[in-house]
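Heads up: the structure comes next, in C-alpha cells.
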Amino acid sequence: QENEIKLLTAEIERLKNFGCLGVSLSLEGLRDENTKLKYRLNFLQKSLQEERSKMAKSMININSCLQEIFRAAIQAAYPDLENPPLVVTPSQQPKFGDYQCNSAMGITQILLKTKEQKVSPREIAEMIAKNIPVNECIEKVEIAGPGFINVHLRKDFVSKQLSSLLMNGVHPPAVGKRKKVVVDFSSPNIAKEMHVGHLRSTIIGESMCRLFEFAGYDVLRLNHLGDWGTQFGMLIAHLQDKFPDYLNVSPPIGDLQAFYKESKRRFDTEEEFKKRAYQCVVLLQSKNPDFIKAWELICDVSRKEFQKIYNCLDITLIERGESFYHEMMKDIVKEFEDKGFVQIDDGRKIIFVPGFPVPLTIMKSDGGYTYDTSDLAALKHRLCEEKADILIYVVDSGQSVHLQTVFAAGQMVGWYDPKVTRVAHAAFGVVLGEDKKKFKTRSGDTVRLIDLLEEGLKRAMDKLKDKERDKVLTAEELKAAQTSVAFGCIKYADLSHNRLNDYVFSFDKMLDDRGNTAAYLLYAFTRIRAIARLASIDEQMLQKAAREEVLILDHEKEWKLGKCILRFPEILQKILEDLLLHTLCDYLYELATTFTEFYDNCYCVEKDRQSGE
C-alpha cells in the first residue's frame, strides 16, 4: 500500500505537469483522471492508517517474533542453506527458559546430505546463537544438551506487552486482506429429527465460525439441509391422505418423525401408494404449485423443530439446502460433458477422478440427479459465486472419501487452485455411550438431540441444588446459571476432545468441576470476577494504571501467568491453520490452573478482620 501511495502521488504530479506543458490531453479527461487517482489515494491512505492502528492494538505473536529472529540468525550463520528448518516451541520446564529453538539437529542432517559436512548440532547451535540480531524480546540464550537453544524472554518486554493488552483489549494479530470463509455445518434432513450425530457438526461448525470472525475474517455460515429428493414424494402422498384439506388449513403435524415413519412403511408395503409417491416427485420437480405448497409445509414443520435446538445452543446459520442448488445441476452435468470428463455406465453419467477408485454419479439412468450432483453444484456456487477464499465442510469422517473426490473433481474441472483457495474437510469422529459403543437409547434407538439437551438442563439444576446455589441465587439467576452450565458443559466436552477421535458422552464427567471441563472454567472465571468485584477496581482504573505504572513481574507465579496470557495469539494462529479446537481448550485450562497457582501464592485482596473491608 505504501508503494502504491508513492506511485499515485507521483502520477498526480505528472498529470498536473501535463496541464502546465500544454500536452494535448482534454481538460475534462485530465480532471477525471486526477479525481479518480486522488480518490484512490485517499482510500489507500485511510485503509493504511486503519491497518496500522489495528496492528498497534493487536497482540503480538511472540513465537512468530522469535521465528523471525532465528530465521535471520540461521541465514547469517549459514547463508548457503535453502529453507533451513525453523523449530521454535514454548519450553516445557522453567529451567529450560521460556522458549526453545530446536533447529540445529535438522541443519546437521542437511549439511551432511547436501554438503557432506559433519558438524555437531551443538556447534551449529553456537553459530546460530552468535548471529542472533539485536531485538527487544530476548534477555539471553543458553545452549543445552545436544544443541537445544533455550531462550529467556526479557521481563520488560513481557511487562510492556501485558500493559498494552490491558489498554487496548484482546485483539488478535491482523490477518491482512479480509478473506471470505464459508463454513458448511449442522445440515440435518427435513422430516427427520436432529439426533446426537448432528451435535458435533453443529457445535464444532459454530465454534469455527466464531473463531474466524474473531480473527477478522468475513464468515458465511451455511446449513446444507437435506430438503429435496425422492423421499418428498412419499411424504406429500401421505400428507394428501391424512390432511386432504392441507392447501386451506395448515396440517397439525405434531410428530414429524412418526409421520415420516408411517409414510416410509406405506412406501415399502403398498404398491399403489409407491406409484403415487413417484408421481408426486415428478409433479414436485416440475414445480406444480400445490405440490410446492405441500413441500413447503413439511419443511416449515422441520425448521421450527431445528430452530428450538439452535436457540438452545446459540447457533446462527443461513439455510441453503439441496433445493437451492437444484436449478444449477443441469449446467454442472453439461460443464463436465463439455470438458470430456463424463462416461456412460449402464445409462448413468459418471465421472472418474484421478486417484479415487469410486466414480461420482452425476445423473441416474432415469435422468434424475444425485447427492454427488448437488454437492458439486454447492461447491461451484461457493467458489465461483460466493468467491470463498477458505471453504470448510464440518462433516463426519465417514464422508471423507466422498468429499475428497468432490473437491478433486472441482479442481480437475478448473473451479479452484488449492495453492490459492483452501478447501478443507474438518472431519470428526462419532459420539459413544459410556459403554464405548455408538450412543443409543436403552431401546437401541438413536438419541434425539432435544432429549439430550433437556436431560442436560435437569442434571445441571440437580448439580446447582447440590451446591445449594438455589439458596443464594434469585429464580432468574438460577435459570441463567442452569442454561450456562448445561449447554456450556455439553459444548465444551465436545470441543475439548480432538475432533478426529470418537468421544465418550458422559454427563457426570462434563459436570465435574475438577479437571478440564466447562464447570471448572466457569468456576475459575467466576473467581476472577469476584476478586475484581471485592477489590472495587474497574476497567478504567486498571487501564489508567497500565498507562502510568510499570508492571513488575517479580514473583515466579506472576511471571508464569504473564507469559501464559501472551501465548494466546500463537494458539489462535495454530487453530486457524489446523482447525483443531481442543488446542484452545487445553490452553484455557492451562491458563485457569496457572491463574489458580498465582492466586494461591500471591494475594490479590485481603479482608480486614475487624472492619470487614
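Residue 1 is the first one shown; counting continues down the chain.
A Cβ is built for glycine as well, from the same backbone N, Cα and C atoms used for every other residue.
Checked against TrEMBL, the range among 114-141, 170-197, 450-477 recorded as coiled coil is 450-477. For the domain 'Arginyl tRNA synthetase N-terminal' (64-153), residue counts in helix, strand and coil come to 39 helix, 19 strand, 32 coil, using DSSP. Note on the domain 'Arginyl tRNA synthetase N-terminal' (64-153): its mean pLDDT in the predicted model is 92. In the domain 'DALR anticodon binding' (521-611), helix, strand and coil residues by DSSP number 67 helix, 0 strand, 24 coil.
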